[in-house]
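Asks: Got these off TrEMBL a minute ago, pasting:
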TRANSMEM  25-53  transmembrane segment
TRANSMEM  65-83  transmembrane segment
TRANSMEM  95-120  transmembrane segment
TRANSMEM  221-242  transmembrane segment
TRANSMEM  254-273  transmembrane segment
TRANSMEM  294-313  transmembrane segment
TRANSMEM  325-343  transmembrane segment
TRANSMEM  355-374  transmembrane segment
Amino acid sequence: MLFYALGYGGITLVTLPFIKASMDIIVFLSLFLISVGNGNIRACITSLAAIQFKLPEQKVSLQKYFSHYYFVYTMGVLLSKIITPSIRGLSGNCYGIVFGFLAILFLACWITFLIGMFFYKKEEVNRQNILVQVVGCIWYALVKYIKKENVHANWLDSSIGRYSEEFVRDVRAFLRVIRLYIPLPIYWALLAQQDSSWTFQATKLDTTVFGWRLEPDQVKAMGPLLLLLMIPFWQNVVVPLLHRTTGCQISPLFSVALGGVSAALSFVCSGILEVQINKSPAESISFAWQIPQFFLLMMGEVLLSIPGLQFSFTQAPATMKSVLTASWFVNNAIGNLIVVIVTELKLTSSQSSEYFLYSFLMICGITCFTFMAGNYDTPTQVPPEPLPEKYIILATDKSDKSASV
């Protein structure tokens, strides 16, 4: 949170009207600090709250937590998309006031979090960097495999001896989960369109509601608003109803697949709307025609993002919950990169064609995910909660530990 606060402070500074000098370096440094801070907050805060539950006794409560977490997160997104443009408009496009207001809100949240630290369940901290150990374990095993020095059934087992058998088992579980993420970044590429191409699409629509004209960047608030309605409805009505009528529950992996299909259909809707916009006079079509695409995309978020986050935490070894959760959020960054690549390469001749292209890519990605998920073996035993005291075996320990887990 400190990095995030420093970055936001820097951004607020450069937007002040009396600052005349060039502040490019401070802008880039501030954005870097915000990126680092945001990455740490999103990965760690999710795991911090989740470890407060005692498993398996509170398994149901843990499942509800992820929905509640996403509900609160979406509420913040909604408020930012409504309040921020309003403050900017009232202040005459003075961005210093906008960022200053948000900085004060963040400071209040930070203080609240620090007070709560006295009540959180304490987690044993591993003094060594887990991510560095994971990379080192994989690299060591790869070198052994390339040199054809691996005599084990699983290539990763060749690192046993340098690393403990338990740690190698955890790394194997980590890789088994993370490979499922490979086709998913395209979903976040679609999700990012709310703040870019879909907002631009809104500029070509009639955004008047009962005589009140909405700003195009306020129209995108429709997404989080729908999501706030859909999360509790799905969690408290649809899921219990399915369980009572059919006796079964939707597994997280199947839910992710359904969410990908829903997201793909949302871009079919946006492509069709774009075609109609091009055929019609300017601002003659109501922005209400964007509701179907927002509904389908938000339905995809309910089905994909929440179960995916839950799956990442519950399937992660006890030693790597934050690492695997962070890996889940990396999909978001890769998705934004996909948007940049598709935009810069100009693969399509029109905006509508680009929407259909994204839909096609989503279908391809979720099809690959479905096949990969079908081969995923859910561990029959949940890893123990306590962290092992030590993972790295001293280099002097050369005892044979080549048994596969």
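Any Cβ shown, glycine's included, is placed from N, Cα and C.
Describe each of these features in terms of where it is and what it packs against.
Replies: Listed by sequence, the residues of this chain that lie at least six past the ends of the transmembrane segment (25-53) yet keep a Cβ under 8 A from its Cβ atoms are 1-11, 13-14, 59, 61-62, 65-66, 69, 120-121, 123, 309, 313, 321-323, 325-326, 329, 385.
Residues 46, 49-50, 53, 102, 217-218, 220-221, 224-225, 227-228, 231-232, 234-235, 305-307, 309-310, 313 of the same chain sit 6 or more residues outside the transmembrane segment (65-83) yet have a Cβ under 8 Å from a Cβ within it.
Away from its own ends, the transmembrane segment (95-120) comes close to residues 1, 4-5, 8-9, 11-12, 15-17, 48, 52, 80, 84, 87-88 of its chain (Cβ-Cβ under 8 Å, at least six residues beyond either end).
The list of residues near the transmembrane segment (221-242) in space but at least 6 beyond its ends in sequence, with Cβ under 8 angstroms from a Cβ of it, reads 64, 67, 70-71, 74-75, 77-78, 81-82, 194, 248-250, 290-291, 294-295, 297-299, 301-302, 306.
A Cβ distance under 8 Å defines the sequence-distant neighbours of the transmembrane segment (294-313), meaning residues of its chain 6+ beyond its ends; these are 46-47, 50, 62-63, 66-67, 69-70, 177, 184, 187, 190-191, 194, 198, 222-223, 226-227, 230-231, 234, 250, 252-253, 255-256, 258-263, 265-266, 269, 321, 324-325, 327-328.
Sequence-distant contacts of the transmembrane segment (325-343) (same chain, six or more residues past either end, CB-CB distance under 8 Å): 39, 42-44, 46-47, 178, 181, 184-193, 196, 308-309, 312-313, 316, 354, 357-358.
Outside the transmembrane segment (355-374) by six or more residues, the chain places 179-180, 182-187, 189-190, 193, 197, 253-254, 256-257, 260-261, 263-265, 267-268, 270-271, 274, 342, 347-348 with a CB less than 8 A from a CB of the stretch.
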